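Participant: The structure follows.
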Amino acid sequence: MEKAFNLKVNAAGFAQLTFDLPNEKVNKFSEAVVLELKTIVADLKNRSDIKILCIVSSKENIFIAGADIAELDKITTAQEAAEKAAAGQDLFNQIENLPFPTVAVINGACLGGGLELALACTYRLVTDNEKTSLGCPEVNLGIVPGWGGTQRLPRLVGLLNALPLILSGKPVKAAKALRIRLADAIAAKEFVKEKTDAFLEDCLTESGRKKIFKARQMMPLRQRILESNPAGRAIIFFKARQDLIKKTKGHYPAPLKALELIKKTAGRSFKRGLKREARTFAELSPTAISKNLIQLYYTSEEIKKDPGTTAEVSPREIESSGVVGAGVMGGGIAWLFSYRDIAVRLKDVNWEAIGKGFAAASGIYQQLKKRCKIKTARINLKMHHLSGTLDYGGFQNLDIVVEAVVENIEVKKELFGQIEARVGAETIICSNTSSLSINEMAAGLKHPERFVGLHFFNPVNRMPLVEVIPGKKTSPQAIATVVALAKKLKKTPILVQDCPGFLVNRILMPYMAEAINLLQQGAGLARIDKLIMEFGLPLGPFLLADEVGLDICFHVMRVLAKSYAPRMKTSRLLEALYIEDKLLGKKAKKGFYLHSAKKNRPNPLIAARVKAYQQKNSIKPIVFSDQEIIERAIFIMVNEASRCLEEKIVAKPAYLDMALITGCGFPPFRGGLLRYADQVGISKIVNTLNNLADKHEAGFRPAKLLTDMAKARKTFY
Amino acid sequence: MKERIAILDGIRTPFIKADGVFKFLDADDLGAIVVKEILARTGLPAKKIDEVIFGNVAQPVHAANVSRVIALKAGLPFSVIAHTVNRNCASGMQSITAAANQILSGESQIIIAGGTESMSNIPLVFGSEMKDFFFALFKARSLKDRLGVLCSFRLRYLKPIIGVEKGLTDPICGMIMGLTAEVLSREFHITREEQDEFALLSHQRAVAAIKEGRLAEEIIPVPVPPDYKNVQAQDDGPRENQSREALQKLKPYFDRKTGTVTVGNSCPLSDGAAAMILTSESQAKALGLQPLGYLKAYAYAGLEGARMGLGPYFAINLLLKKTGLTMKDFELIEINEAFAAQIIANERAFNGQLDRRLFNVNGGAIALGHPVGTSGTRLVITLLKEMARRKKQLGLATLCVGGGQGAALVLETK
């Protein structure tokens, strides 16, 4: 096998070890690489001619991206994991103990095992490359740093800087790395060679070394006070735990275990700390959650590379856009385009409506400003991408037009006629519809090949998913262009075939309907929500219904009930609440809950209605177990998802799972709906569904795909 | 001029009284809005524009060469060159004639010209003593030196120079613009009553033009920052309830003792921008576009600053000599209403040949406002659009210019 490392030593004793993994775009630590490095380090120990060694990468914008994820995925026992951890720890200890100083020269991404290597070096030099980032993303894959990171990092930069890095997985850029002394010096990216040479010279002088170590001792006063005494440290750990529980709701063990690990080992024996770190890594690596998160990582990488079509077409660059309908979605889409520097021509029926679109976009920018993600001057430039028109003025030169008007097929069809009259034949036209048929809308167009469904999720600035729905006549070029555009907008595009509800809404509706069913049969409103949120969804079904709006829920339910009868039905209760009681949800402060600034409480009207319903239909309220509630709500989603796969609505289970995660917050730690189904067991699901179908509703009858899979002992993944 | 310059179309923002609803829009923001809109209206792709020239007087400190900032904020490519012109109140016309010259000399083919002004954002300026104090403070290194500088501070250092006031004062004759109107009121014997009467007419005409939708045809509504709760579609100067009684109540503003010029019979300080796309007549034909009108000839004239209000009289006479036209030939006129006294002075200087029935038929600056860098462009847009409505062929747009100049343009529709 070709070598990954190349060692050069010059006459003055300056050594450079270059990491260049053959046939790969990034450097990563596979077992083979670790072995090769081990041999090199063993050799280096005996070199008396080396005064100082710098470790560099020849990959563009990458130092070392981390350990080989495929190998991580293969670990199934704690024993394997412990061995892997020990091997890396040992190697990095050897590097730390070399008889000469070492310098990691970081010009690009330095993550996970890469950072742990850099930490084992004596010094770290970063470049101001935009892509330079240093971090510990292990918790994102359900594990913790296992090669000394949890021991070296806190000792180097202090608890207050190390904890966010390790617990959140978020990396820091070069300037911050320098500030917290994770890096000792910074070089201009274009002059890294000159700066490295000068830095190496400096590190060999007494004064140079003194300066570096003095800088590392300088801690801001607050940090010094907190970290130097046990009470302060206790506060730090307590607060960190609180924040973690709030964010993860206890579903993700990795960051909690990392915190526990650091708490127990900070400031104590380094050797024992390493042992404990290896144990923690070994506990977490074989877990299902870790494997789930790794699978999601693979899927998201696959989606990033997926152009949306197999045809050899190159997507067109989108520089200017039109958005028709400046409502909540239109305003959000206008914000999204303007944020990525695409000009937006906003069209509506009067200037007041256009003004609302501007206000919506501006509101999102103000939110970003509050979170320090953007400065006022930049907001001014981005808002200037927006302009308004009442009569499609300025539409003639646009690359793409997205309509986001009211969900009425006649209105939309008329609109498309107007739009087509004003745009070029090549302009892509998209609909943000959530419930109407793309093919039906395309039928009225002169050039249906440039028409694509592009379904954003609410709120547009926070939901990563975009369903891309091609019509029968949509050209591959249009699909590729829209998929590329979605990626430019930093969204997750997933191709979905045209069917009512597309993918996410189609799967969510029966779940909502079932939740209402359970409510009507005696389960408590707040209890159902609580159980679903404990399962991992960010909002329970009733909170979600209020958030989305009972009017929209009812409307979508009606559309789906028509198309998927008899298994999907409209809910009489929902109909009554929306039409007779005029409950709208959060936007009117009254829905399934009464919404107030402080807390939500279940709307007492609901209980009254449920009771009336039970009396009218002579239903005795049933006492459900927690498991029953979860199974009924979630298994029905699995059932509908299976039908979606049967009908080839989406290409593969991994994409379906990613759509639900990015479109409605299905918990990533479960790996996705279908991954969860595999883990529960397909046979179990089929049996449960059949029981429910026999006892209650035909709608539970399992899809053919599921029964076939159960018979053949197949799984989704 | 060897060929006429085609004005493809023009657009402006509403004109808003200074320190009002447009105060969060800088001059470059206003300019970017009209440039974006005029591009959209004419359907020309941005890369076809060769150059952007805007008139602007105040020269905002945060946007040096405001035309360039406008061009880039409006989304034009980096390759489009831009520069800013200043001929005081005629800057909005200077941009048009400068563009004409670029086109006629063959330097550029298609140019966006216009004017912009945010008088709301003209800063208060520290005097030189305060400036020296700050710089001394920055330079001082040791604690002793810093204390020494701090002790040298005097309260009078804080007295600001009011930028807009200084900007409207002619440094040669030492008069603020309103005082030059007083000079003309004496020279031409224009009474307070006559001035108020004209001011009222300006408001009445403007209000009618708004009600009948004529001004809306030249205005692009502006969603108003910072929170975009409102969209401003109308000029906010014209008052429906303007009356002689209300005007009479006002005291003379510039000469408290014996003056006749009030804030009511003067134009207000305003914010606004306007833009148009210019090209040669032959190029317009080649592009297959029907222009709004054509620039046929122009003239600038100079006179003493104290009588600057007579600028139109001087410039028009020069123009008539140049072109062989007479006042009777002009079917419609737009003349900037800096002050009612200045308008009436020109009427009298022309000895009846400047017909009040033919000029400013949709109201003038006294009602609409005078963002100083912009008005020149607005006059041409308003004139051409009204000429189209009335099916008139020959028109005149003219301005008096602070500092002692006049500007006059001959416009044609066919």
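If you go along the chain as it appears here, the first residue is 1 and each next one adds 1.
Quick reminder: no glycine exception, Cβ is built from N, Cα and C everywhere.
From TrEMBL, here are the annotated features:
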type: ACT_SITE; residues: B:Cys89; note: active site, acyl-thioester intermediate
type: ACT_SITE; residues: B:His370; note: active site, proton acceptor
type: ACT_SITE; residues: B:Cys400; note: active site, proton acceptor
type: DOMAIN; residues: B:5-282; note: domain 'Thiolase N-terminal'
type: DOMAIN; residues: B:290-412; note: domain 'Thiolase C-terminal'
Participant: What is the number of residues in the domain 'Thiolase C-terminal' (B:290-412) that are helix, strand and coil, as DSSP sees it?
Facilitator: 52 helix, 32 strand, 39 coil
Participant: Rounded to an integer, what is the Cα-Cα distance in Å between B:Cys400 (active site, proton acceptor) and B:His370 (active site, proton acceptor)?
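Facilitator: With the alpha carbons as reference points, the distance is 12 Å.
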Participant: Using DSSP and three states only, what is B:Cys89 (active site, acyl-thioester intermediate)?
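Facilitator: Strand, per DSSP.
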Participant: What Cα-Cα separation, expressed in whole Å, is found between the residue listed as 'active site, acyl-thioester intermediate' and B:His370 (active site, proton acceptor)?
Facilitator: 9
Participant: Summarise the model confidence on the domain 'Thiolase C-terminal' (B:290-412) as a single mean pLDDT, whole number.
Facilitator: 97
Participant: Name, in the order they occur in the sequence, the residues of the same chain whose CB lies under 8 A from the CB of B:His370 (active site, proton acceptor) and which sit 6 or more residues away.
Facilitator: B:Phe15, B:Cys89, B:Cys267, B:Pro268, B:Leu269, B:Ser270, B:Asn336, B:Glu337, B:Ala338
Participant: Please work out the number of neighbouring Cβ atoms within 10 Å of the Cβ of B:Cys400 (active site, proton acceptor), leaving out its own Cβ.
Facilitator: 34
